[in-house]
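First comes the structure, then the notes that go with it.
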Amino acid sequence: MTKTVTQLVWYLERKWKYSWWSCHPHYGSGRASAFATKVATVVVLVLFMWLVYISVWAATVDISGRNPSALAFVDSNELPTFPATGAAIAQHQSTESEAIPFKTMISYETSSLPKGVNNNGSFITLSLPQFTRLERIFYRADTNRDGFLTQTELANYINQAVKDHLANAMKYNYQKYSQLDNDPRNGLVTWKEYVTHYFKKIGIPAITLDDVRDKSPAFTRLPKDFKVEIARLEASWSEAANNSPDFVTVDEFLSLEHPEASPTRLLTLVTDVFSTFDLDGDGIIEKSEFETTYREAEGVDKVYKEDFHLIDTDGNEKITRLELMKYIDPRNIHHSQKDSKQILNVTDLDKDGKMSLHEAIICGSYLIRSKFYDVVYRLHNPE
């Protein structure tokens with residue numbers, strides 16, 4: 001390489017100063033060749049040093065800006081244990097599915113975690129997509145960019161995620177309803193249309209409604225989880241289909257798909273609470289009626305007693321239907337404040353009143369079941 005660069009530099013030099021070199025007694029072709037060799041050597045050394053620098057830089061900083069020195073790529077069958085200061089990522093080629101080109105797992109030591117956080121022996125395991133999503137959400141919620149999440153930042157992020165989900169649910173409700181109304185297209189979604197769509201969605205398109213009704217061999221061979229899910233779907237349909245057990249209207253479809261976004265569902269909850277606490281039936285729940293109900297009835301949810309001051313927004317010690325509706329509405333910030341407080345109680349391992357990304361990843365298996373990570377799943381599957 002040096003010889004080639006030397007020849008090129010020598011040629012250019014001769015081309016530029018040919019007449020001067022050829023006439024000068026001290027600068028003949030030999031002198032030009034020696035000069036070109038020196039220049040070429042310097043160029044090659046600079047290129048070599050630059051390549052070394054790039055190699056070292058690439059080994060210490062990845063494209064996301066994190067230092068991967070704590071990351072070890074190993075065979076997933078020999079996943080090692082690493083302290084909480086780092087992660088172990090195992091990556092190997094999967095021959096089972098072309099749609100998933102590799103499998104990745106991340107393990108953190110959790111011997112010092114609070115009870116209930118650890119769900120995998122001495123270590124918590126996240127998939128790489130879960131790890132990446134958790135990291136991305138953390139930085140979105142960190143509005144002041146200080147590397148920590150306070151209770152306020154957590155509450156604001158969760159509350160906005162809830163609002164966005166409810167807005168999208170209502171926006172696309174009619175669109176999805178129209179898509180399912182196809183056999184026949186009569187302006188109504190029938191149980192057959194809905195369950196056929198659902199079977200395709202969960203990966204059992206060969207099962208029909210007749211198979212479920214007749215308990216055919218194809219249905220009985222299904223795993224237990226599928227049967228439980230189908231039974232849950234039937235119960236949800238029965239609860240939403242108020243006009244007829246055979247079909248749902250657009251409003252009922254919203255209650256079926258997104259009960260947390262349905263005004264009808266919200267009104268039903270308010271009516272149920274008033275039927276329990278409004279003892280004199282005057283349409284107002286007084287504080288004394290709350291106390292009487294809790295004292296004499298069993299199994300009544302104590303959340304209303306604990307949150308009486310939150311429901312009674314005007315402070316007159318009486319609760320109206322409108323006040324209760326605003327309280328139950330999942331978009332109310334107090335729900336997100338409760339969620340954020342509970343999250344910090346678990347993830348704030350050093351008790352500094354905030355959550356770091358490091359703490360979030362260590363407590364990953366807890367967070368991925370929270371509204372912070374997946375608000376849709378948690379709204380549809382409340383604890």
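Here the Cβ of each residue, glycine as well, is placed from N, Cα and C on the backbone.
No curator has checked TrEMBL annotations; they are predicted automatically.
Copied from TrEMBL, the annotated features are:
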- 129-164: domain 'EF-hand' (DOMAIN)
- 265-300: domain 'EF-hand' (DOMAIN)
- 301-334: domain 'EF-hand' (DOMAIN)
- 39-59: transmembrane segment (TRANSMEM)
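Listed by sequence, the residues of this chain that lie at least six past the ends of the domain 'EF-hand' (301-334) yet keep a Cβ under 8 A from its Cβ atoms are 155, 159, 162-163, 166, 260, 266-267, 269-270, 273-274, 277, 283-287, 290, 294, 379. Residues belonging to the domain 'EF-hand' (129-164) score a mean pLDDT of 95 in the model.
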